[in-house]
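Notes to accompany the following structure.
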Amino acid sequence: MASTEKIEHGVEDEAKKPVNLDTILVSEIGQFGWFQLRILALAVSMAIFAAWAAAEFNFTTARIPTRCLIPECESEESFEFRAPWLLNAIPPAGSSFDQCRRYRNVSSVPPAPARDTRDTCPAHWFNPDSDKECEVHLYENTDTVVHTFGLACDEWRRTLIGSIRTLGTLVALPITGYISDRWGRRTALSINGFTTAWMGIVRYWADTYVGFLISEVVESMFSGGFSCAYIILMELMGPKYRVAAGASLNTSFSVGLVLLGFIAWGVPDWRNLTLALYIPQLLTFGYFFLMAESVRWYMSKGRFEDAERVLKSAAKSNNKELSEKSLVLLREHALEEERKKADELARKETEPWLVVLVFRHKRILVRCMVSPVWWITTTFIYYGMSINAVNMSGNRYLNYVAVSAVEIPGYWAAVVLMARIGRKPVLFCAFWVCCACQIGYIFIPSDQYAASLTLYLIGKFSIAMVMTSIYVYTSELYPTKYRHSLFAFSSMIGRIGSIVAPLTPAFGAAVWDDLPFALFAGFAFVSGLLVLVTPETLGTKLPDTMEEASALGLKKNDP
């Protein structure tokens, strides 16, 4: 009898256990099957498209070698860009010639009609002690908007395109968030992807600098497709595979950057490259019909029948059986969670503001001051190194491919090392290795291409490790109750780095060629030091309250 009662009580306890979506994914639908594989494939393709849209300006607005027209010796209709006599008329610059200035001519230069030939330009026609800015520029090719809009020596207007585009992504976050919460993740994904596609295609016809700039900004305002794909994937993937799926999505973004480099190499003209990148993205319109909607979103809106339909479809795709009892318990659990949220909102009305709570907990305040610096540094160096890769010596396309590809092992190295040696050692070492690489890159002679590229790649590998680690570490420093808000604060401030990064080539042109790398080194050095003032979180329980978060890293007898 006793054993029978135990079994009965066990059955009753099992029936009383709350059934949430993770429970159903693990026990009935399957954590990773054909259903999740289809979602992953669609999310990966969206990540690749997002990479193309986010980084195409690196090639469409890239520098073009330019020089002054020397009317004494050539014309705009007939010229040899690297003529053998150029250093007679143009000041040298490193191993090449100045792209923005020329020597003044002397009064003894014969007028054009009196000359017998125009294929030579003797040095005595020019005064090497006096130079001036170009009156007319010549371009080595017509591949980018630098030629189309006459931006030869106007680095500020050229680099402003990238900064303004990045600024537009700030607007993308609330727009995408509103659409996603109001009409669903799948709807937001399709609208973002398709809008990005047709706006990018429209840019093919831009014939003014202002029109091109507006096109870039407006398109970037609908650049939230990657985040939508990420959320759907995380909400439909089993808990066992979420970390791997998230890392796979980040890897796919880097793969997209690698593909971008090869496509731009094969299609160098900016108008044709624009079509090559954006026409395939029109396929994202079909994602509305191919991508499943988030079950969690359906339940948050009280649309339980729709949620059950998706779950049944998932079970069928994975060749699993889904019980009606589980669906009933899932609905009850969802309703209970909604009641808890309502009670929590009521309690929050009597709580102090988050800012007040942060100032009451000094250790949390220190983290709120330090973590945004990490984020600014990370985005500044990460995007800055990608942008400056196309200005390095050698093949700009292969440089970009190599710098993008090295991110992939950086992501996975961070995942492995964080679990073995901790968060702080990984971040500290990665920041300082990156700093050392930037300093070394500055002092390596420009003709040492292999050595400089190697240091550049190690630096990018290191900052890619930081990029992965910073997401994990920042989220572990703050309590569950306010984790999203404090994490979002650091991430939002970090956007400053990605907005300034496109301007770094202009900083170099205006002040010192290696100034961008000196800035990267300085920021990485300071951020590495700041890691030392925060606690290690490896092996610790995620804090739920401000008090638990403040106690991270403290011994029991510490104050």
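Backbone N, Cα and C define each Cβ position, glycine as well.
As given in TrEMBL:
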- 46-539: domain 'Major facilitator superfamily (MFS) profile' (DOMAIN)
- 35-55: transmembrane segment (TRANSMEM)
- 188-206: transmembrane segment (TRANSMEM)
- 212-233: transmembrane segment (TRANSMEM)
- 245-267: transmembrane segment (TRANSMEM)
- 273-292: transmembrane segment (TRANSMEM)
- 364-385: transmembrane segment (TRANSMEM)
- 397-419: transmembrane segment (TRANSMEM)
- 426-444: transmembrane segment (TRANSMEM)
- 450-473: transmembrane segment (TRANSMEM)
- 485-503: transmembrane segment (TRANSMEM)
- 515-533: transmembrane segment (TRANSMEM)
* To do: Mind checking which residues of the chain, 6+ beyond the ends of the transmembrane segment (426-444), have their Cβ under 8 Å from one of its Cβ atoms?
  => 374, 377, 381, 414, 417-418, 451-452, 455-456, 458-459, 462-463, 465-466, 469-470, 473, 514, 517-518, 520-522, 524-525, 527-528, 531-532
* Asked: Mind checking which residues reach the transmembrane segment (212-233)? Cβ under 8 Å, same chain, six or more beyond either end.
  -> 39-40, 42-43, 46-47, 49-50, 53-54, 57, 145, 149, 160-161, 164-169, 171-173, 175-177, 180, 185-186, 188-189, 191-193, 195-196, 199-200, 202-203, 206, 245-246, 249, 253, 284, 291-294
* Mark yes when the transmembrane segment (450-473) and the transmembrane segment (35-55) have three or more Cβ pairs under 8 Å (sequence separation 6 or more) and no when they do not. => no
* Can you tell me the mean pLDDT for the domain 'Major facilitator superfamily (MFS) profile' (46-539)? -> 88
* Contact ranking winner - 245-267, 397-419, 450-473 against the transmembrane segment (364-385), Cβ under 8 Å -> 450-473
* Asked: Taking residues 6+ outside the transmembrane segment (397-419), which of them lie with a CB under 8 Å of any CB in it?
  -> 58-59, 243, 247, 250-251, 254-255, 257-258, 260-262, 264-265, 385-386, 389-390, 425-426, 430, 453, 456-457, 460-469, 472, 538
